[in-house]
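Beneath this line is the structure, given in structure tokens, with notes to follow.
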Amino acid sequence: MCGIFAYLNYLTAVDRQSIADILTQGLKRLEYRGYDSAGLAIDGDSDGEVLIFKEVGKVASLQKLIQEQNTIDWTKTFTSHCGMAHTRWATHGQPSRINSHPHRSDTKNEFTVVHNGIITNYRELRLVLEKKGYTFESETDTEAIAKLAKYIWDSQKGNKTLTFTDLVKGVVKELEGAFAMIFKSVHFPNEIVATRRGSPLLIGVKTPKKLKVDFVDVEFGGIAEEIPAEVEGAPTTFSSLEVPKLRRSESRAFLSEDGLPQQIEYFLASDPSAVVEHTKTVLYLLDDDIANIREGELRIHRLRRDDGISSIRSIQTLEIELAEIMKGSFDHFMQKEIYEQPESVVNTMRGRVNFDTHKVTLGGLKTYLPTIRRCRRIVFIACGTSYHSALATRAIFEELTEIPVSTELASDFLDRKTPIFRDDVCVFISQSGETADTILAMRYCLERGALCVGVTNTVGSSISRESHCGVHINAGPEIGVASTKAYTSQFIALVMIAIQLSEDRTSMTDRRNEIIDGLHALPGHIKEVLAIDQELQRLARDVLHKEKSLLIMGRGFQHATCLEGALKIKEVSYMHSEGILAGELKHGPLALVDENMPVILIMTRDSLYPKVRSALEQVTARKGQPIIICNKGDDAINAESKTIRIPQTVDCLQGLLTIVPLQLLSYHLACLAGVDVDFPRNLAKSVTVE
Ligand code: M6R
């Protein structure tokens, strides 16, 4: 998905080469999100000159393009400067230089913009602006934003007195869709305006001295009078004027002791991983905030005072370390993240599960437990891997709580306009907390009065902010596009919620204790599975690598493992793979089975073991030779069968172990296929469009 990074230095001398390096390094930190082209904008030598560089492919190609610019003085030093950069993931128009960001208002680059998200009314805007004489050069939705900024600027009567913030307010008023955007302009040198709606954006601050306060006041008010009124004869109408009602307040945090601006650097990004190496002091923008940085000061504006929106933005300290987001000794982030699971599962349970008293305490849910216990039903809503974690825990949730639980794919849930009521509890599971389908489903449920619970890995994400309550899974940053450790941590978080909800049911005490003991043993069990990695690598190389397709079968608690394993295999190795509920085998999929069809069957020791055994017989009767994922010491399995043997644990936790060999197999299949494992084609880590 697209990535935004910008750097503004004030009263801090930095040469042009270093500025370009900071910008491209910021983009490199965002590479994991997936992208197909990159670009940046920095100042030229003369007043009003902006240089834009764009390239298709990796950030390294952009760096090469920049290095080739011999006529530019890269040693020129700027005491104050604003530069911005972007990685693009094509949505409107092919990956190409012209479609890459930054986009510009005109050939003189008067306004430049980088944008994440989608402007849904860009066609109408484009039509209006073309009629007004503005010439478009790209196929993107973003270019309409830059042109609109110039249109508003050009339309001022008399002296041009519009501030940069008011100009952007005027732009934002016309936009529909989702966005995070940063603006730069030759009319406002060394100044930046950033805004967001439905797409994340944060601002890192670096000063030699500690900031005086840890918040910024929000300034509320309409747009200034200079913004043009409706465009005559246009197929869409631009909004009419609003009288300004500004409440001025001082951004005390950024001034020196004597109230004067001080040496300061700002790093703006769509993701904290691009900022953390420069500063850990950050502020997250909320939807519809408009941030302006000018002469060292950051001010936050909003068009109107909304009920329930805080009038300050807190300046927080980021808790991730750069080392945490680096690959370490592993070849790929995906591999590192699979191997991190013995630790990440502990982090998910830390401070929450007391293994001595067999008690679970989830601070984020505490005051809502009685409401949840009284609800009519629980609806799990998520996408992809997160959906699979919901499916994996649905049965134990129902067993422990005796509340009916349904699982919903967020996109389908919205498509169906599913009935939701005030006495429903809706649980939104999302690693990123920024998945558009899940966020929209959550807003839909909020509107209908349901209690909304977030289960996410990202503190400060839209889902964690907008839900009523929730649990952070604390799995640590997940960089690889393929979710691995997030799956196991989400799984555990949901099990912990079910345990806590059922604590008032004494009849469930033994079951709860058994599960908590299973959770205690989990890190050791995962390590045992990781220890058979070489065996799995050989299996991938010698048996599966050349195959076109792979079926993964199981039932009960293992159905979710089949779906998640198949998703991992197809997304990173591009091999077709299908997860099949073994109970459904005879209703169709059995037709695929013969001596040539590779099959993995999950047959662990739980109450459904005899039924899975019969599925095994159905497969072998058709000359299928499945690889069986089974428990260590299961002697009932034919000695000639190929097996992947894993430790046995409590039935409802067994999926936390059966998934690990499938994650490893998918990783090895991807490496053997020569796929860029962390950036599989056509995929992005955080899917912020519907
Ligand atoms: O961030 P989310 O958990 O909401 O993302 C939802 C899916 O896009 C995601 O789980 C996706 O299926 C996995 N990254 C695939 O490995």
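Cβ coordinates come from backbone N, Cα and C, glycine included.
Database features (TrEMBL):
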DOMAIN    2-296  domain 'Glutamine amidotransferase type-2'
DOMAIN    368-507  domain 'SIS'
DOMAIN    540-680  domain 'SIS'
Task = Take the domain 'SIS' (540-680) and count its residues per DSSP category (helix H/G/I, strand E/B, coil), listing them in that order.
result = 67 helix, 26 strand, 48 coil
Query = Along the domain 'SIS' (368-507), what average pLDDT does this model show?
reply = 95
Query = Of the residues in the domain 'SIS' (368-507), how many are helix, strand and coil by DSSP?
reply = 70 helix, 28 strand, 42 coil
